[in-house]
Amino acid sequence: MSETAPAAPAAPAPAEKTPVKKKARKAAGGAKRKTSGPPVSELITKAVAASKERSGVSLAALKKALAAAGYDVEKNNSRIKLGLKSLVSKGTLVQTKGTGASGSFKLNKKAASGEAKPKAKRAGAAKAKKPAGAAKKPKKAAGTATAKKSTKKTPKKAKKPAAAAGAKKAKSPKKAKATKAKKAPKSPAKAKTVKPKAAKPKTSKPKAAKPKKTAAKKK
């Protein structure tokens with residue numbers, strides 16, 4: 001009885017240890033997947049851009065650069081090849097030598113500049129939109145300035161007719177004076193002709209006096 005009793009509790013101990021190991025393995029695998037970092041395509045483009053070789057970067061040199069960056073090249077060899085093919089098909093990389101994933105690769109300057117230009121254009125358009133609103137205000141101010149100039153110009157036009165009217169008025173008195181001067185000598189001439197007419201009745205008065213004298217003689 002004493003021999004069989006201690007054997008029973010020893011059996012469940014190894015059964016408890018096995019699930020702990022499985023959990024630890026799962027956690028380690030999950031940690032590796034999480035710390036994988038950026039995608040392969042980004043790492044490849046960075047490695048190609050960093051190289052100064054004119055002929056391009058070979059696959060072996062690419063793998064070395066990726067390994068130096070901390071990327072597991074041996075496990076992700078197929079991913080590197082697929083990433084290279086996709087980058088070549090997109091136009092971000094240009095294959096200078098070889099075919100497929102093997103060969104040497106170079107950054108496509110046109111594609112890189114094309115990606116940079118739209119960003120620069122958007123930033124430039126955003127900057128240009130802001131001064132456009134500010135530029136509208138000076139236009140309004142310019143419109144008011146032109147209106148002020150037009151109002152200033154109009155009195156000048158009004159002054160010219162006034163000056164012309166003044167000049168005409170100044171000229172007209174001269175004419176009036178001339179007419180008055182011409183008319184003035186005529187009136188005394190008329191008066192001179194009238195005076196001899198008034199003298200004629202004086203000659204008729206002696207004629208009426210003659211009959212009075214004859215009547216006195218008859219008496």
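Cβ coordinates come from backbone N, Cα and C, glycine included.
The model shown is predicted, which means the values in this text are computed figures rather than measured ones.
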> Here are some residues: Lys34, Lys152. Which is flagged as N6-succinyllysine in Swiss-Prot?
Replying inline: Lys34
>> Quick check on the record annotations: which of Lys17, Lys81, Lys171 is tagged N6-acetyllysine by Swiss-Prot?
In response: Lys17
>> With respect to Swiss-Prot, which of the residues Arg54, Arg122 bears the note citrulline?
In response: Arg54
> Which of the listed residues, Thr18, Thr154, has Swiss-Prot annotated as phosphothreonine?
Replying inline: Thr18
